[in-house]
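Let me begin by presenting the structure, written as structure tokens, before commenting on it.
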Amino acid sequence: MTTLTVREAITYSAMLQLPDAMPASDKKRRAETTIREMGLQDCIDTRIGGSWSAAKGLSGGQKRRVSICIEILMRPKLLFLDEPTSGLDSAASYHVMKRIAHWARHEGMTVIASIHQPAAEFFASSGFPCPPQRNPSDHYLRTVNKDFDEQDSTTAAEESIEILVKSYQSSEISQQTEQQVAGICQQGRASRRRTVQKGSQASFVTQCSVLTRRSFVNMYRDLGYYWLRFAIYLGLCFCVGTVFYDVGHDFGSIQARGSMLLFVAAFLTFMTIGGFPSFVEDMKIFGRERLNGHYEVGSFVLSHAVSSIPYLIIVSLIPGAVAYLLVGLQRTPQHFAFFATLLFLCMLLVESLMMIVASIVPNYLMGIMTGAGIQGLMILSAGFFRLPHDLPSWFWKYPMYHVAFHKYANQGFYKNEFVGLEFPRTNNAGTTIDGEEILRYVWEMETGYSKWVDLGVLTGMVVVYRAVFWGVLKFGEKIKPILRGGGSAKRATTVDVDACSDGENAV
């Protein structure tokens, strides 16, 4: 998470992975010990940084060491490391691998790592010595790389590769490796099966608490998450307030009020899709941490919703107050509180919708287009641009009109504003029309129930959308291994050491 410091990232991870029985002070001590052992003490309070971060942040090699720290906290029995020394200088590579080897010996860990460490002696003994004054890495790549060879010279690279393979197979290094693998497999047969403890040992409550705090900090520091949207909302609401400034209570104010409230319910909440890139980044982090078993799906879904609530309250309350007061809507605390609450729920609901999209379409452009398309359909069928009685029955009225949250948002906003008001029937007539008649005959809204029912429906839709988000994530966990031919994801929790009976297969 690019907005966190090294200390915060590893400490939060320790809180998530280590058991509840371990005191918080011990978890922090282990986190800081691990940081020092990986040589990151000089950047312990530096933010990690990344492509979306304004700060430069850590180097690639430092980020790699942070990743190792996070995975080593639990002292796992089995650890996979993909090129842990890439991006490190020779001294850092030596100390990192020395520390990993130390952990493997003293913690009983099995470490499987891929590293880039070409051996000059092996190439020389195979007939490909490195010429003087040439970079060894360049020489090795030139020997085996056939991508840019011409057709008549391609065979030279292929022959070189074949010679190197045969040379290794007959080398003393290969024989020593096979003997080591055979010895390891013989030792493993004594225990038969070894259960590898996988996943978080923290309770559900602890997971939710830690994830909520971490997400709250990330949202605060990431300017694009809420603060940029807040500034845009503030500007838009000021524009709305000046366009509809002091609409009054004449006949023309009926249409003005309706248009203003529609803009708030539809287009202002539509802007929530601007946070989609941040949602995608959250999903990437969730994917990696979930595969490593750091926490449950439910913990992530609940904590993300809870941590976003304070920011959504600010985003809906302050800009909403600017528009509400400038336009001159019903000026009672009760009416404004309902207006702000309804706007907050709409934003929370759209954010829940976009999280569902982010879990299915993890691509910025395609995700924004998908979310915008879904909301466009809902706005079109919400009963404003085409009154409910005029909507075609198939699809648009059943089911779109009834499942679109904009229907209940519009009705809530309109009932909150029009009920209790009276307007002249025309600009020159002396008779009046009350707000309920306008709702029933002008906007064709359902007036058989109060605005609080609409508020309750939207609250229920927020819960349903979050439940769908949880279901999509759980379904993805079940279906992805099957689609990839890997079977059940739970197969990785146990390592069968008898599978190492064949040396070549083990390598």
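Using N, Cα and C of the backbone, Cβ positions are placed for all residues, glycine too.
According to TrEMBL, the protein carries these features:
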- 4-86: domain 'ABC transporter' (DOMAIN)
- 206-418: domain 'ABC-2 type transporter transmembrane' (DOMAIN)
- 226-248: transmembrane segment (TRANSMEM)
- 260-280: transmembrane segment (TRANSMEM)
- 309-329: transmembrane segment (TRANSMEM)
- 336-358: transmembrane segment (TRANSMEM)
- 364-387: transmembrane segment (TRANSMEM)
Which range wins on Cβ pairs under 8 Å with the transmembrane segment (309-329): 260-280, 336-358, 364-387?
336-358
Look over the recorded stretches 226-248, 260-280, 336-358 and say which has the most C-beta pairs under 8 A to the transmembrane segment (364-387).
260-280
Cβ contacts under 8 Å made by the transmembrane segment (226-248) with residues that lie 6+ beyond its boundaries:
219, 256-257, 259-260, 263-264, 268, 271-272, 274-275, 308, 311-312, 314-315, 318-320, 322-323, 325-328
DSSP-assigned states of the domain 'ABC transporter' (4-86) in counts, ordered helix, strand, coil:
42 helix, 7 strand, 34 coil
The transmembrane segment (260-280): which same-chain residues, six or more beyond its ends, come within Cβ distance under 8 Å?
52, 222, 224-226, 228-229, 232-233, 236-237, 240, 244, 247, 319-320, 323, 327, 343, 346-347, 349-351, 354-355, 357-358, 362-364, 367-368, 371-372, 375, 379, 382, 384, 406, 409-410, 413-414, 417
On average, what pLDDT score does this prediction assign to the domain 'ABC transporter' (4-86)?
88
